[in-house]
């Protein structure tokens, strides 16, 4: 009972903090300290819950004492708590990164609150175990993210916000339509009972149609092929928000695809999963063309986000234990790596005041620290051992071979090399290029605490790579829980297995 009640804390702590910041919004320093402390505590609580789940069983919290399927239910399993812990960790660093900001009062006053509201939506999406509440949490994210995109009130931000909101609202409508159709088919919203009843149904065509609705809805959220909103939105954000969006927004969509297409729509993998592989291949190609086509380092970073979604969904599409295992590992890894990517890119823009990488020379002497961090980040993105991108890609590689997805496998290898090439191209110009070739650049000094935060992420990437066997115990537990027939139902809601009550 105690552990079940503690499951609400990762959601409750940032929610209460976000509301509390409204009353102390004019005290910028106090607001930052309060929000950073809250997210640090949230990270610790989430990690303790994850450790408990690994040694015991998933935690289920029935709100108001109403047992599933009648009440709202949160479930903390190894998949959700791994992502909650990782997300809370990077949000803590993101809040700390913006500690010394000096923008207009409106931005300083309200930025921390809406970052926390967005975090509430993200964590709620990971923890909720019913269809309608995942829609609600997606809407919380959408509203908070819309405010964050438009907070500076520049023309570029408003233009990017229009594209972002239109596509995400369409995705939300499709998600709500899918929830309604699935409720009509099964008569319930609870994940456990939905999965059980779909497996018992004979009308397979209706299930496939509904699964396609969810696939399109979550693809819009994850930037799986439907990527149009992402590059412009990320390019207009400051470093803090760009890192937040890159780390979390698309990852929630990827999580939803993994959860739904392993647990709920697993019986129709002959149709849905080859389509997932196809979409992942298209997404990898889009990302690869994007990172090669642009010279703006913020847009190159944005297309790196799209490219990584292709890798994750390829693992899911293989419909193998190894592939899904790798997808979950790479998903958690990518939350950390993309935070580091945007921290570094944002810091380089701050130092030089420029975004076109061909104009940047002479950083090797000015900021050698960023050169080291940049190389570690590139190797992690490329999947080079011993860094954190390697283990996940190896298992996705294995899953693709087991399933015979050789085209997807080849594309993953080629686009990984392209991703590394596009970033090494920036590195060679910035750090090894002739500093007398371009115009003279006035370098700004970056605060030491921001370098320290980048150092923490670099260390985290190395630790995740070296601790891969330990992390794979978590991801393997998550994979089997969602893919093994009846295991999720038995572990989370055993009272529903023998019939509805």
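Any Cβ shown, glycine's included, is placed from N, Cα and C.
Under the heading transmembrane segment, Swiss-Prot lists 4-24, 33-53, 79-99, 131-151, 207-227, 245-265, 274-294, 309-329, 334-354, 369-389, 409-429, 452-472 (among others).
Beyond the transmembrane segment (274-294), the same-chain residues lying 6 or more positions past its ends with a Cβ under 8 Å from any Cβ of the stretch are 215, 219, 223-225, 227, 231, 257, 261, 300, 302-314, 316-318, 405, 407-408, 411-412, 414-415, 418-419, 421-423. Counting same-chain residues at least six beyond the ends of the transmembrane segment (452-472), those with a Cβ under 8 angstroms from any Cβ of the stretch are 89, 93, 96-97, 325, 329, 332-333, 336-337, 339-340, 343-344, 347, 369-370, 372-373, 376-377, 380, 385-391, 395.
With a cut-off of 8 Å on Cβ pairs spaced 6 or more residues apart, the transmembrane segment (207-227) and the transmembrane segment (409-429) reach fewer than 3 such pairs and are scored as not touching.
Distant neighbours of the transmembrane segment (131-151): 72, 106-107, 110-111, 114-115, 117-118, 120-122, 124-125, 157-158, 160-161, 164-165, 168-169, 172, 175-176, 179, 182-183, 189-191, 194, 221, 233, 236-237, 241, 244-245, 249, 252, 256; these residues of the same chain sit at least 6 beyond its ends, with a Cβ under 8 Å from one of its Cβ atoms. The recorded stretches the transmembrane segment (409-429) and the transmembrane segment (245-265) do not share 3+ CB pairs below 8 A when only pairs 6 or more apart in sequence are counted, and are therefore not in contact.
Long-range Cβ contacts of the transmembrane segment (245-265) within its own chain (Cβ-Cβ under 8 Å, at least 6 residues beyond either end) map to 79, 83, 87, 90-91, 94, 118-119, 121-122, 125-126, 134, 138, 141, 145, 148, 191, 194-195, 198, 207, 211, 214-215, 218-224, 230, 233-234, 237, 272-273, 276, 301-302, 305-306, 309, 312-313, 316, 324, 327-328, 331, 334-336, 338-339, 341-342, 479, 482-483, 488. The largest share of C-beta pairs under 8 angstroms with the transmembrane segment (33-53) comes from 79-99, of the ranges 79-99, 309-329, 334-354.
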